[in-house]
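K.L.:
Starting off with a structure, shown below.
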Amino acid sequence: MHKIAAAPPPSATPGGGLETPLAAPKYGTLIPNRIFVGGISGDTTEADLTRVFSAYGTVKSTKIIVDRAGVSKGYGFVTFETEQEAQRLQADGECVVLRDRKLNIAPAIKKQPNPLQSIVATNGAVYYTTTPPAPISNIPMDQFAAAVYPPAAGVPAIYPPSAMQYQPFYQYYSVPMNVPTIWPQNYQENHSPLLHSPTSNPHSPHSQSHPQSPCWSIEDLRDTLPRV
């Protein structure tokens, strides 16, 4: 089998009809019997890949990767019947052109998932979980606080929700107080001079003074007793 002559680099091709193909991933798990094909044009179909690569062996399946809208991402995979056919294409297919595009042939590698992607938000902000200090009072504190670190300027950051509002706690204290003595009303009327004001209305039935009972001394009582 004759090798296909190597084409000049895309930048040196007259007219600029060819474009730089996409590169295959560098790290991951090697998939046997399968090759990576980059640099596929948007109008290329899986049937076109089957027709081109059938010259290198028995093509078992072809797959062009598309996005959610169904638009081709520019690369795909071709699976052969045996591993020898896939390796022979990688050795002989130095320049495979399809629809005026040079295809990039490389081993098919399954990329390893990145554990850091699980903490990256859609806007590029990275979330970290921090532990608050130990509480110093009886008021409960938040268990976790979210800190947002934007990667660059101009990227909108997501702020955590407002902290929970706690009602203040008041403790009851019993303070002893000196309560003044309250005397009966009759005692105040008879002995308190403040109740008999000289400016009171004399015609008022409540302001008239009550007749006082006469006061007798011991000498007066002696005069009234019969002498023996």
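Using N, Cα and C of the backbone, Cβ positions are placed for all residues, glycine too.
Okay, these came from Swiss-Prot:
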- 33-110: domain 'RRM' (DOMAIN)
- 151-178: domain 'DAZ' (DOMAIN)
- 193-214: compositional bias 'Low complexity' (COMPBIAS)
- 193-228: region 'Disordered' (REGION)
- 219-228: compositional bias 'Basic and acidic residues' (COMPBIAS)
K.L.:
What is the pLDDT of the domain 'RRM' (33-110) when averaged and given as a whole number?
P.N.:
88
K.L.:
Taking DSSP states H, G and I as helix and E and B as strand, how many residues of the domain 'RRM' (33-110) are helix, strand and coil?
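P.N.:
Secondary-structure breakdown of the domain 'RRM' (33-110): 21 helix, 36 strand, 21 coil.
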